[in-house]
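Visitor: Sharing a structure with you now.
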Amino acid sequence: MIPTIITPMNDTSFINALIVGVSIALLASQIGIFVVGKKLSFLGDTLSHGAFTGIAIGLLIGIHPTITIFTFAVALALILTWLQEKSELSNDTYLAIFFSSLLALGIMIFGEEIELNEYLFGDINNVQFLDMLIAITVSGVVLSTLWLNFRKFIMTVVDKDIAQTKGINVSRYNYLFVVLLALTTAVTIKVIGILLFSALLVIPAASALILAKNLARSFVYSWVIAEMMVILGLFISYYGHTPSGPTMIIVGTGIFILSNIYRLVVKP
């Protein structure tokens, strides 16, 4: 058993994937609680599709996709939030339009000759040193900002009216949060891919909220579940020769199902 676990640790690409995956899991697990609480899961999907277009634009104009993916994701997040504040249309209307349009635009720019699997499903096994550096740096910045403003973000989730009476500028923190979500989206695409991004964001948080007795514990549980998804997913992928991203999501889905069974049977 021990040699079986140790064997992948001799593989440099596996170690790199593990480092990036653990960093991303911590990030996604914490911001995911707020995403679920604010009911912004669809926004995460839309931003990931926007990030896809950002990659395509970068390749088209000869700029490193890392630059355009972050720029495009943040710009899109701010535009969507502004539209939702100013327009009488529902949030889902804008998200549905951008969700489909941005993916279509990205595919049009890429053309038919580009292999899309790396972008759609992730390629964590081929991460480079720069990818690790970006993942760790962005995770540190986003998590620090999230934790420094933790109480204010919580207030905007629990009750916006109460937050305003306490002098919290809800609009400002909404904009700040979507920027953090955009950064999370951009840095996670390399690991899990565009189509599976929301699953890594939502599954740990949703499972944690089912199991936890209070909000504080939900953040801890979400972190543990996200790390289980990544670590178990990588090991299963290594020995089963399956794609890493989808394998992580299947592991997470299994945990989510077990969480629901626990809630219904053990803790009715």
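Every residue gets a Cβ built from N, Cα and C, even glycine.
Those TrEMBL annotations? Automatic predictions, nothing curated.
So TrEMBL lists these for the protein:
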- 12-35: transmembrane segment (TRANSMEM)
- 55-81: transmembrane segment (TRANSMEM)
- 93-110: transmembrane segment (TRANSMEM)
- 130-150: transmembrane segment (TRANSMEM)
- 170-188: transmembrane segment (TRANSMEM)
- 194-212: transmembrane segment (TRANSMEM)
- 219-239: transmembrane segment (TRANSMEM)
- 245-265: transmembrane segment (TRANSMEM)
Visitor: Let me spell it out: take the transmembrane segment (12-35), skip the flanking residues so only those 6+ beyond its ends count, and list any with a Cβ under 8 Å from a Cβ in it.
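Guide: Tertiary neighbours of the transmembrane segment (12-35) are 41, 43-44, 124-129, 131-132, 135-136, 138-139, 142-143, 146, 153, 157, 177, 180-181, 184, 187-188, 190-192, 200-202, 204-205, 208-209, 215, 218-219, 222-223, 225-227, 229-231, 233-234, 238, 244, 248.
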Visitor: So what's near the transmembrane segment (245-265) in sequence-distant terms, Cβ-Cβ under 8 Å and 6+ beyond its ends?
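Guide: Distant Cβ neighbours of the transmembrane segment (245-265) are 21, 121-122, 124, 191-193, 196, 199-200, 203-204, 206-207, 210-211, 225-226, 228-230, 232-234, 236-237.
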Visitor: Is the transmembrane segment (55-81) in contact with the transmembrane segment (93-110), using at least 3 Cβ pairs under 8 Å (sequence separation of 6 or more) as the test?
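Guide: Taking Cβ pairs at least 6 residues apart, the transmembrane segment (55-81) and the transmembrane segment (93-110) are in contact, with 3 or more under 8 Å.
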Visitor: Considering only Cβ pairs under 8 Å, which range in 55-81, 170-188, 194-212 makes the most contacts with the transmembrane segment (130-150)?
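Guide: Answer, by Cβ pair count: 170-188.
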Visitor: For the transmembrane segment (170-188), give me same-chain residues lying six or more residues beyond its boundaries with a C-beta closer than 8 angstroms to one of its C-beta atoms, as numbers and ranges.
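Guide: Cβ under 8 Å, 6 or more out: 24, 27-28, 31, 34-35, 38, 40, 43-44, 47-48, 51, 54, 69-70, 73-74, 76-78, 80-81, 85, 134-135, 138-139, 141-142, 145-146, 149, 152-153, 156, 160, 163-164, 197, 200-201.
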